[in-house]
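Novice: Have a look at this one before I ask anything.
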């Protein structure tokens, strides 16, 4: 075999024998074959070094290595996940540039032309100074003003000069958005499946024994003595957690009927409390949306009231859920999972309720100042621009919340602990810890907002890329300077599947929202904007494209979208799923058999050692 010796799972003596046999074979073969083998080995070595160098060229590789050495693999998993989202958004930006921005630049666009105030109906009633619109420097925060007439939002784009039946701007725009959702679905499902296979192999029945944790659990990437002591504590906590889970299982088995009834009643009331908190949070979001419709002196506050409310609810309630789970008498792992599931439901449901109310908001008109002393009636923006504006504000405020949390809470808390470590406030605040699940939930929420708003705000992936890069450096400084390592290391492999599954739920929610928007009727008294004007819709434009295709192509598309094709497709999916399930069960039986063989081989070795000792003893006598 041409496999390198260091990749072989054999002992040192066997490797020396293999190397001796290889040298003997080289001396017995011809010069040409020997040269080819040496060149092949050299090429493999060079290629391995090239791959290692390319790996080191990945962004933030040194930072990730430093974080892993000081805080363990769990905190590194968060930053790897953040980097993965940066790559995903860069892919989205490339698709947006290829399908939307590029054709718009090449084939022209008629939007964005401002209409002069003389052409609009005006009123000579003066507008009070307290109620004038915002200065232009607030437009970036609200997505209003010049941003409404920029490529940021859907209403900017027009058909342009590219107007073929199957090659026009509406179809290119739709193809770009669907490509983003489809590629994101493929990539997220792939990472979820890979993580699930790893988690399936490390489930409870395949847990390594205590000897493996003691002798093979050391992390050789640790750089300093503090991290080494932390790793020792991590191994100790793993053993304590294993014993704790065993004690918990024994305690559950020894519960009496009265104890079970009291525990189930307690869990019932706690779940009612959780539902009440969720209901109150949803009502608070509804109240914030209604209040944001008002106009007044503090219009900026009213405009940002729904994003502020959603962010406040998403920051506060997960910590309350974590406290509630401690009273439900679950295992430690179940407590974490229940908190994450409730937090996932809170974040996605709050976003869904917000979108539901936004979809059902009635059209409105609002006065806008043209010149001092005169106003004009500004028509209500179309549904797409309004939804894009709301998603834009959610993204911007989520990023502002990250900055404020770092500069107004984490950094001052660190300064206080260093300057006055014995003060009452410093003792009450305690040492900062990096809560990985909640930070990952923030990333999932931000990416879900980006997917939901990419149709209405095409440049949202670019905004998301910039905000994620800045978030990476903010979190890096927060972790390395403000936080202390956890006494119990976070098991990233057990929760990575849940993180990607949350991402998958957010993507499905974004796709459902987009499909729901396609089927909504147009708003009354609101002029359509963007690519689908003059009564056009996605279905009309695609129908025109299909009608222009040749007959065989139309017949093929008609068959693929008919019920006659659905039955064979369903049967093929059933066959594939059955084969994969059968393969999984066969692999499971194989693993169980190999485990039995390992147990048998170890018992055979002990038996042979015992027999050898007896024979030696008999010979000595």
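Yeah, the Cβs are placed from backbone N, Cα and C, and that goes for glycine too.
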Novice: Which one of 546-563, 564-581, 582-599 shows up in TrEMBL as transmembrane segment?
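Specialist: Range annotated as transmembrane segment by TrEMBL: 564-581.
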Novice: Given 38-60, 61-83, 84-106, 107-129, which one carries TrEMBL's transmembrane segment label?
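Specialist: In TrEMBL, residues 84-106 carry the label transmembrane segment.
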Novice: DSSP helix, strand and coil counts for the domain 'TMC' (382-493)?
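Specialist: Helix, strand, coil within the domain 'TMC' (382-493): 86 helix, 2 strand, 24 coil.
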Novice: On the 0 to 100 pLDDT scale, where does the domain 'TMC' (382-493) sit on average?
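Specialist: Mean model confidence (pLDDT) across the domain 'TMC' (382-493) is 83.
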Novice: Are there residues at least 6 beyond the ends of the transmembrane segment (84-106) whose Cβ is under 8 Å from a Cβ of it, and what are they?
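Specialist: That would be 59, 151, 157, 160, 162, 169, 172-173, 175-176, 179-180, 183-184, 187, 191, 443, 447, 450, 454, 458-459, 461-462, 464-465, 468-469, 472.
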Novice: Please work out which recorded stretch in 171-189, 264-289, 453-474, 564-581 has the most C-beta pairs separated by under 8 angstroms from the transmembrane segment (495-520)?
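Specialist: The stretch with the most close Cβ contacts to the transmembrane segment (495-520) is 171-189.
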Novice: Relative to the transmembrane segment (453-474), which of 171-189, 264-289, 301-320, 340-359, 564-581 accounts for the most Cβ pairs at distances under 8 Å?
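Specialist: It is 171-189, which has the most Cβ pairs under 8 Å.
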Novice: Relative to the transmembrane segment (340-359), which of 171-189, 264-289, 301-320, 564-581 accounts for the most Cβ pairs at distances under 8 Å?
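Specialist: By the under-8 Å Cβ criterion, the transmembrane segment (340-359) pairs most with 264-289.
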Novice: Under an 8 Å Cβ to Cβ limit, what residues of the same chain, 6 or more beyond the ends of the transmembrane segment (264-289), are close to it?
Specialist: 305-306, 308-310, 313, 317, 320-321, 324, 327-329, 342, 345-346, 349-350, 353-354, 357-358, 361
